[in-house]
């Protein structure tokens, strides 16, 4: 992207609505409640031939530096310093407030280009607020309606005028396309070849867990900066925020998510939106780290989150956070491992790593567990090896007999990876008990070293060409 733009303004003037309009997706949560956005969120904006990086920010308010609102303000000011240009959004419908005046003064002191945007200009009675915006001393306001998409051409022209045509439209260079991602090995390929794991591709990782488990603190420690809001208050994170960083030469894209509580406790509409956003992050990720509070682990909600991640087909890693607060670490670790095996039988062999997001202890081991788990999630096994294995499994533990006739497993192949899924051709597939399926899944985990990822097996009976036809008498 050629330049970076920060959207700033007081709460509830329509910043996130404008952000979603510019990126062409509903990435940021939008609600009538003031202060929905808390962290700064970057995105790729496209505006009538103009491309740039856009940053959505929290509403600016006067607040004590140590308060939640004060920490939100610090995040927004960091976005302003990072950006080349600020879109200062005011509400033309409700008019100016003293906060708008203070923000205008703060932006002037920064000395960077500012485009004054009068949002909600389609509303009846907005003319007064539009003309009042001139008094801020930031030039002519650009009237728009972020909700309805009106005034976007004028907004583009104002951005180009503020940033300069050379920055807005840099000369395009002929660049060979080398980063097109066409994943073939995950769903198709030579059945007799087992593809080599590609450790150069960016890895998408979602960080999930109960409120106040330390998810944002963990990501900040990875990044080495206070990129995300943290604090003692539960439920600080609302949007799923993505950040990128490099680990041993590999790009990692991490998604911080809102804390997930039990459904019965989720009453507010805004929290429901936040949880839905977290679910989307899980589905978009490749590997999901479920963060447990090691001081109070294995709450019912922890187990439900793990089950949800596995049902979505994601690779899963457990992180027992706040390890710096544990005294008898050896005894606690042994207890946690015993409970993991007992309470999460569907995740047999799942990698569990004790960490401290506060001090950074154990984070290298956690990252290695994430990479190792992703390798398993992408694993493919040749058809020849699978059928030799299937024959051995049936010798050791034959399938049960149904109505006096034993079920025969004839052929096995892997139909996809991410997560690994297999198809077995057999007789009477509808009569095969669940216990035998579990036996095969556990065998695959043990014999092909496939812990911590969901494994799917589909059984199929060959079509009977004579089914439905009358027998001759």
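Note: Cβ is positioned from N, Cα and C throughout, glycine not excepted.
Taken from Swiss-Prot, the feature GTP 1 binding site covers 9-16, 56-60, 119-122, and the record attributes it to sequence analysis. According to Swiss-Prot, the GTP 2 binding site annotation covers 209-216, 256-260, 321-324, on the basis of sequence analysis. What Swiss-Prot lists as domain 'EngA-type G 1' is 3-167. The feature domain 'EngA-type G 2' is assigned by Swiss-Prot to 203-378. Taken from Swiss-Prot, the feature domain 'KH-like' covers 379-463.
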Check the Cα-Cα distances from residue 12 (GTP 1 binding site) to the binding-site residues 212, 215, 257, 260, 323 and tell me which is shortest.
257
Reduce the DSSP letter at residue 57 (GTP 1 binding site) to three states and note it down.
coil
Of the binding-site residues listed as 209, 215, 257, 260, 323, the one whose CA lies nearest the CA of residue 60 (GTP 1 binding site):
257
Please report the DSSP secondary structure of residue 209 (GTP 2 binding site), reduced to three states.
strand
How big is the Cα-to-Cα gap, in Å, between residue 9 (GTP 1 binding site) and residue 212 (GTP 2 binding site)?
28
Rounded to the nearest Å, what's the C-alpha distance separating residue 215 (GTP 2 binding site) and residue 57 (GTP 1 binding site)? Just drop the number here, would you?
20
About how far apart, in whole Å, are the alpha carbons (Cα) of residue 212 (GTP 2 binding site) and residue 57 (GTP 1 binding site)?
22
Please tell me which one of the binding-site residues listed here (209, 257, 260, 323) sits closest to residue 15 (GTP 1 binding site), measuring Cα to Cα?
257
Restricting attention to the domain 'KH-like' (379-463), give the mean pLDDT.
91
Cα distance (Å, whole number) from residue 257 (GTP 2 binding site) to residue 121 (GTP 1 binding site):
33
